[in-house]
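J.: So Swiss-Prot lists the following for this protein:
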type     : residues      : note
DISULFID : Cys22-Cys61   : disulfide bond
DISULFID : Cys93-Cys127  : disulfide bond
DISULFID : Cys96-Cys133  : disulfide bond
DISULFID : Cys140-Cys151 : disulfide bond
DISULFID : Cys146-Cys164 : disulfide bond
DISULFID : Cys399-Cys420 : disulfide bond
DISULFID : Cys521-Cys570 : disulfide bond
DISULFID : Cys543-Cys552 : disulfide bond
DISULFID : Cys589-Cys601 : disulfide bond
DISULFID : Cys786-Cys837 : disulfide bond
DISULFID : Cys793-Cys816 : disulfide bond
DISULFID : Cys888-Cys912 : disulfide bond
DOMAIN   : 138-175       : domain 'LDL-receptor class A'
DOMAIN   : 642-701       : domain 'Sushi 1'
CARBOHYD : Thr38         : O-linked glycosylation site
CARBOHYD : Thr392        : O-linked glycosylation site
REGION   : 611-688       : region 'CCP 1'
REGION   : 642-934       : region 'C5b-binding domain'
REGION   : 689-765       : region 'CCP 2'
REGION   : 766-840       : region 'Factor I module (FIM) 1'
REGION   : 858-934       : region 'Factor I module (FIM) 2'
Amino acid sequence: MARRSVLYFILLNALINKGQACFCDHYAWTQWTSCSKTCNSGTQSRHRQIVVDKYYQENFCEQICSKQETRECNWQRCPINCLLGDFGPWSDCDPCVEKQSKVRSVLRPSQFGGQPCTEPLVAFQPCIPSKLCKIEEADCKNKFRCDSGRCIARKLECNGENDCGDNSDERDCGRTKAVCTRKYNPIPSVQLMGNGFHFLAGEPRGEVLDNSFTGGICKTVKSSRTSNPYRVPANLENVGFEVQTAEDDLKTDFYKDLTSLGHNENQQGSFSSQGGSSFSVPIFYSSKRSENINHNSAFKQAIQASHKKDSSFIRIHKVMKVLNFTTKAKDLHLSDVFLKALNHLPLEYNSALYSRIFDDFGTHYFTSGSLGGVYDLLYQFSSEELKNSGLTEEEAKHCVRIETKKRVLFVKKTKVEHRCTTNKLSEKHEGSFIQGAEKSISLIRGGRSEYAAALAWEKGSSGLEEKTFSEWLESVKENPAVIDFELAPIVDLVRNIPCAVTKRNNLRKALQEYAAKFDPCQCAPCPNNGRPTLSGTECLCVCQSGTYGENCEKQSPDYKSNAVDGHWGCWSSWSTCDATYKRSRTRECNNPVPQRGGKRCEGEKRQEEDCTFSIMENNGQPCINDDEEMKEVDLPEIEADSGCPQPVPPENGFIRNEKQLYSVGEDVEISCLTGFETVGYQYFRCLPDGTWRQGDVECQRRECIKPVVQEVLTITPFQRLYRIGESIELTCPKGFVVAGPSRYTCQGNSWTPPISNSLTCEKDTLTKLRGHCQLGQKQSGSECICMSPEEDCSHHSEDLCVFDTDSNDYFTSPACKFLAEKCLNNQQLHFLHIGSCQDGHQLEWGLERTRLSSNSTKKESCGYDTCYDWEKCSASTSKCVCLLPPQCFKGGNQLYCVKMGSSTSEKTLNICEVGTIRCANRKMEILHPGKCLA
């Protein structure tokens, strides 16, 4: 053995001496340079201090040692400070509330640790109105009017109960008749069922339904916990008491990251109103189908905890119900405070005043649900420690459930699994798997706050006392929360008040604007595919599994993905109403765009809705009450002994002097809608037999409607209607070209050529192929060579009108093919104009210009074209622009004898002057080349 070791040492020493290598650290590094950026990933470098000495040369240090190193630095994102816009002008003084307001918007939320916005966004001030308030008192008809203006049934007057809310229905009553034979207590916490709910904040708001109102009906319900029944309010359809505390309904969920815990911001839910209409709002609330904490403080706390390390989460929750309830579908009694707020809304739309309704009362109300409590904890675990524990996700969930049953609920005969106490994570904490968690976030709802706080787990705590959970459970019965609920829009409650229809429409408009303020589209993209979420005026980053850090900028060692999922940018403003009386808005999947295999945005890219407009003179918002909201319906037919019923007008036409019945011999006039014109005889005459004498008449379109194209395309000029002969140009973003013709002309009632619905943009391969070369050339290594018309021009390029001097004919050619052939010294091809060849002045001038060009002394390349003596090249458009005659040079060899206009005299002009006059389309006859003889 010793001999073998000596032999090994001798061989090793011989090898080292034979191939000596450079010890690079013999030459020290300089200090790292300053970072090139203070944030957003800069670079810094250092250099090796080389001394070219004998050692350096003999040991091949030049080949072995690296001389410079570079590394990333300051990779944290630059802070984005919150930015507010300027206040707009004061609104008009509203005559109904005698207030005016001014608003400003959040131009940019804070992000990545930037300064937050703390200043108010709305300012109000009292004012003296110059107009009269159009809001009239509600007509109670045969009902009793309360002092507050509320209308209630006559039978509720003098019944010993405060049905008006201001006790005006019990004033000056002689004798009262009680509704119930005895007094009943209200259902405990019944007022919670009448609260509004803010779907964006995920929390209850002010009272919208008055659940102390019983409507003169003595309806009771009994609980198994008490001997005395409770009085059921008029707003509730039914109530059922129950207490659910089953031990086997403890549920656990595993989350690799928080993105799946909060709802996707693109999800939409449609809420139908009682009036039959519906509108869509984002779902950010908890219901029977979804549990979401996206916008409350607990979710923010969870996000901040996940920033500290790569984390996974286990959520354990249990629902305890005290009672279930269902709200009536109609005839709901509003709370006094909500009714007063609605009555004080102005008639004219004011975004600031209408938005306050949602701040104070939420956006929805409860249509059904339960009162009770939810035991709900979210445990944060280190992803690395969970992985090293050896447990699967299902096993980890099971261990949390078992330990909660034993140490929180104190369920007897709980069998503890061996793997839950002997895994690597539990062994560090005396057999407790939960003690291995980094943190817990309490999502507990219901019960007394001190008992709920006692249930929250803290790292290193000794555990709960046996009575803690049972004390909280008992307190839930007295202090419940609304859980497992369903919602309807608060706008549906705005009924049976003065100007109800007008105010409902204003609230719907305000809700759309209000919801847009909570859209995370305003946030900048988060690093490592994090999902941005907007909390107030601050953007937070929800980290994907395998990432962490204040802004998700750090990666765990096993994080390999570099995909970037797409997120929606913000919606554009609504377009103006087009000829079909619709308007639209769009958004782009560009915040960021999907990259490296990332997911595309889900949801609609374009929204369209009908326009609302008035056919009468605009004198401000009309006061429309519920009973005045009429729609156009077919009027009942009127029977008469003589005359003619209303005739049917042609498509896209209407009767100017419209009525139900016309006398014998009376004429009606047919008119056409905007954009159409009458063709034929436009008068009908009523005959004695009750029929109409009418000739052929129709409404033909005399304008083209703005075409519907893909959102990526831009239409220039952008108009609602285009007259016959007008053209549009379709363009794409930089780096893309239209995958088809780009120029279209309105001819008759349609576009020529027809515009395909599938027309879109494609990558500008021509520009990419060209590189830094001239038009018609492509880059081949460091050289520029001519493109091949056959190989390089298979993709679409715009049409050009081209003249071939060999065949003495003109034709339409793709731009790529024309440029390639021109580059290959095909001099017989001449550019005439952009677009397909069509008869007209543009083609005539192009042909004449080509004939003149043969004598031009100047030939300057300019885009597709070549500029001649009478032209200059525009740097901004790459097109030839004609000079004015005074700008031409004097004299020259190329002279012409011409006659100007109707003049009989002859005049000698040079080629530049001739070209400028013909370019201006002025009349001129060329008599012969050369000077005039006389």
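Glycine is treated like the rest: Cβ placed from N, Cα and C.
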J.: Of all the disulfide-bonded residues given, namely Cys96, Cys570, Cys589, Cys793, Cys816, which is spatially nearest to Cys912 (disulfide bond) at the Cα level?
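T.: Its closest listed neighbour, by Cα, is Cys816.
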J.: Return the single residue from the disulfide-bonded residues list (Cys164, Cys420, Cys521) that has the minimum number of other CB atoms within 10 Å.
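T.: Counting other Cβ atoms within 10 Å of each of the disulfide-bonded residues Cys164, Cys420, Cys521 gives the minimum at Cys521.
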J.: Quick check: of the recorded positions listed here (Thr392, Cys420, Cys786), which one has the Cα closest to that of Thr38 (O-linked glycosylation site)?
T.: Thr392
J.: Return the count of C-beta atoms lying within 10 angstroms of the C-beta of Cys552 (disulfide bond), excluding that atom itself.
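T.: I get 26 for this one.
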J.: Between Cys96 (disulfide bond) and Cys521 (disulfide bond), what is the CA-CA distance rounded to a whole number of Å?
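T.: Rounded to the nearest whole number, the Cα-Cα distance is 36 Å.
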J.: Of Cys93, Cys146, Cys543, Cys601, Cys912, which of the disulfide-bonded residues has the most Cβ neighbours inside 10 Å?
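T.: Of Cys93, Cys146, Cys543, Cys601, Cys912, the one with the most crowded Cβ is Cys543.
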J.: Using the alpha carbons only, what distance in Å do you get between Cys151 (disulfide bond) and Cys552 (disulfide bond) once rounded?
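T.: Cα of Cys151 (disulfide bond) to Cα of Cys552 (disulfide bond) measures 57 Å after rounding.
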J.: Provide, as an integer number of angstrom, the distance between the C-alpha atoms of Cys888 (disulfide bond) and Cys816 (disulfide bond).
T.: 33
J.: Relative to the Cα of Cys521 (disulfide bond), which of the disulfide-bonded residues Cys22, Cys146, Cys399, Cys601, Cys793 has the closest Cα?
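T.: Checked the disulfide-bonded residues Cys22, Cys146, Cys399, Cys601, Cys793; minimum Cα distance to Cys521 (disulfide bond) goes to Cys601.
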J.: Please spell out the DSSP helix, strand and coil residue counts for the domain 'Sushi 1' (642-701).
T.: 0 helix, 29 strand, 31 coil
J.: Check the Cα-Cα distances from Cys146 (disulfide bond) to the recorded positions Cys22, Thr392, Cys543, Cys552 and tell me which is shortest.
T.: Cys543
J.: Let me check the 10 A CB neighbour count of Cys22 (disulfide bond). How many other CB atoms are there?
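T.: Within a 10 Å radius of the Cβ of Cys22 (disulfide bond) lie 18 other Cβ atoms.
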J.: Of all the disulfide-bonded residues given, namely Cys93, Cys140, Cys420, Cys816, which is spatially nearest to Cys61 (disulfide bond) at the Cα level?
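T.: When the Cα distances are compared, Cys816 comes out closest.
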J.: Select one residue from Cys140, Cys399, Cys589: among these disulfide-bonded residues, choose the one with the most other Cβ atoms within 10 Å of its Cβ.
T.: Cys399
J.: Where does Cys151 (disulfide bond) sit in DSSP terms: helix, strand, or coil?
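T.: DSSP assigns Cys151 (disulfide bond) to strand.
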